[in-house]
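This report refers to the structure that appears directly beneath it.
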Amino acid sequence: MESEAGTNRTAVAEFMLLGLVQTEEMQSVIFVLLLFAYLVTTGGNLSILAAILVEPKLHTPMYFFLGNLSVLDVGCITVTVPAMLGRLLSHKSTISYDACLSQLFFFHLLAGMDCFLLTAMAYDRFLAICRPLTYSTHMNQRVQRMLVAVSWTCAFTNALTHTIALTTLNFCGPSVINHFYCDLPQLFQLSCSSTQLNELLLFVAAAVMAVAPLVFISVSYAHVVAAVLQIHSAEGRKKAFSTCGSHLTVVGIFYGTGVFSYMRLGSVESSDKDKGVGVFMTVINPMLNPLIYSLRNTDVQGALCQLLVVKRSLT
């Protein structure tokens with residue numbers, strides 16, 4: 001630990017991440033499982049992205065947002081899993097203070113972007129189903145890019161605010177984090193100075209980035225369901241519900257795990273439940289998303305099959 005200039009307090013130079021398991025035998029199992037999950041997630045999401053790029057039929061607003069979501073999923077798992085794999089290989093559980101802050105920043109940047117992107121996707125479905133005559137006008141390429149740019153700006157501002165606010169806290173020790181990556185609730189527990197401002201910022205962020213988007217998504221889909229029920233064609237209703245069902249499943253999993261993680265700031269210490277939710281947020285969610293969207297979408301399935309045929313013909 002290093003002494004802070006001008007004070008009698010000490011600053012933690014690095015943290016110790018306890019990880020998912022402590023026994024060496026189980027660490028080998030965890031390494032294999034995480035490596036498998038990482039390869040499946042990156043492969044699945046990049047395949048969907050490639051299919052969207054090469055298939056002209058998928059050059060629509062819905063798939064533009066889905067392609068961006070695939071990039072986010074790859075980024076989300078890359079922020080946490082490779083670093084953990086490195087620690088398991090080297091048998092080192094420490095992470096430097098700066099690396100911890102960097103991980104936290106990028107995690108919240110990508111998670112924040114996820115919030116806004118899922119909201120944009122709900123707005124896209126609302127316009128496509130409830131306002132079909134003006135859809136191409138209200139959701140043109142300029143609007144799509146603007147929505148993504150605004151989402152990145154808001155997510156960046158949120159992540160930077162939390163990271164800067166965290167640098168004002170004093171960490172005097174102990175420096176043991178009962179988790180496998182750096183996040184706000186666990187770091188708040190280690191602070192020897194008041195975290196009241198930080199928790200207030202997190203509360204405001206939750207209102208702006210979770211509650212407001214969730215309300216917007218709920219209202220949008222209430223209108224969508226009402227409009228779909230008025231469709232006379234059974235095939236049309238099935239296709240609309242299939243597309244919307246995939247998105248709602250992803251929204252439910254994402255917000256469900258997020259609420260559990262950040263609405264428990266009053267708890268005294270981290271538990272294995274927090275680690276389980278962390279695995280769901282950073283590993284399971286990104287791995288499931290391609291499966292959810294491709295299983296219920298014949299267009300994506302067709303594009304992926306074409307991609308495989310092209311790949312085989314090239315080899």
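Backbone N, Cα and C atoms are what each Cβ position is placed from, and that goes for glycine too.
Fair warning: this is a prediction, and the values are worked out from it, not measured in the lab.
Annotated topological domain 'Extracellular' per Swiss-Prot: 1-28 (among others), in sequence order.
Among the features that Swiss-Prot reports, N-linked glycosylation site is placed at Asn8, with the record citing sequence analysis.
Residues or ranges marked as transmembrane segment in Swiss-Prot (evidence: sequence analysis): 29-52 (among others).
The topological domain 'Cytoplasmic' annotation in Swiss-Prot covers 53-60 (among others) and rests on sequence analysis. Within the chain, the topological domain 'Cytoplasmic' (53-60) has long-range Cβ neighbours (under 8 A, six or more residues past its boundaries) at 67, 299-300, 302-303, 306-307, 310.
Long-range Cβ contacts of the transmembrane segment (61-82) within its own chain (Cβ-Cβ under 8 Å, at least 6 residues beyond either end) map to 34, 37-38, 41-42, 45-46, 48-49, 52-53, 103, 106-107, 110-111, 113-114, 117-118, 120-121, 124-125, 128, 139, 144, 148, 180-181, 243, 250, 281-283, 285-287, 289-290, 293, 299-300. Among the features that Swiss-Prot reports, transmembrane segment is placed at 61-82 (among others).
Counted with DSSP, the topological domain 'Extracellular' (83-103) comes out as 15 helix, 3 strand, 3 coil. The feature topological domain 'Extracellular' is assigned by Swiss-Prot to 83-103 (among others).
According to Swiss-Prot, the disulfide bond annotation covers Cys100-Cys192. All protein chains included, Cys100 (disulfide bond) registers 23 other Cβ atoms within 10 Å of its own Cβ.
Swiss-Prot lists 104-123 (among others) with the feature transmembrane segment, giving sequence analysis as the kind of evidence. Non-local neighbours of the transmembrane segment (104-123) in the same chain are 62, 65-66, 68-69, 72, 75-76, 79-80, 147-148, 150-152, 154-156, 158-160, 162-163, 166, 181-184, 187, 205, 209-210, 213, 216-217, 220-221, 247, 250-251, 254, 258, 281-282; each lies 6+ residues outside the stretch with a CB under 8 Å from one of its CB atoms.
If you look up Swiss-Prot, you'll see 124-143 (among others) marked as topological domain 'Cytoplasmic', on the strength of sequence analysis. Within its own chain, the topological domain 'Cytoplasmic' (124-143) is flanked in space by residues 61-62, 65, 220-221, 223-224, 227-228, 240, 243-244, 247, which lie at least six positions past its ends and keep a Cβ under 8 Å from the stretch.
Annotation source Swiss-Prot lists transmembrane segment at 144-161 (among others).
According to Swiss-Prot, the topological domain 'Extracellular' annotation covers 162-199 (among others), on the basis of sequence analysis. Regional average pLDDT for the topological domain 'Extracellular' (162-199) in the model is 90.
Below 8 angstroms of C-beta separation, residues 112, 115-116, 118-119, 122-123, 125-126, 154-155, 158, 161-162, 165, 184, 244, 248, 251, 255, 258-259, 262-263, 265 of the same chain, each at least six residues beyond the ends of the transmembrane segment (200-222), sit close to that stretch. According to Swiss-Prot, the feature transmembrane segment maps to 200-222 (among others), an assignment based on sequence analysis.
Annotation comment: Swiss-Prot describes 223-239 (among others) as topological domain 'Cytoplasmic'. The helix, strand and coil residue counts that DSSP assigns across the topological domain 'Cytoplasmic' (223-239) are 13 helix, 0 strand, 4 coil.
Long-range contacts of the transmembrane segment (240-262) within the same chain: residues 62, 69, 111, 114-115, 118, 121-122, 125, 129, 183-185, 202, 206, 210, 214, 217, 221, 224, 228, 231, 273-274, 277-278, 280-281, 285, 288-289, 292-293, 296-297, each at least 6 residues beyond the stretch ends and with a Cβ under 8 Å from a Cβ of the stretch. Sequence annotations record features per position, and here Swiss-Prot assigns transmembrane segment to 240-262 (among others).
Swiss-Prot lists 263-275 (among others) with the feature topological domain 'Extracellular', giving sequence analysis as the kind of evidence.
Sequence annotations record features per position, and here Swiss-Prot assigns transmembrane segment to 276-295 (among others).
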Completion exercise
DSSP, reduced to three states, assigns Cys192 (disulfide bond) to coil
Completion exercise
Long-range CB partners for the topological domain 'Extracellular' (83-103) (under 8 A, at least six residues beyond its ends), listed in sequence order, are 11-19, 27, 30-31, 34-35, 38, 163, 166-167, 171, 180-182, 187
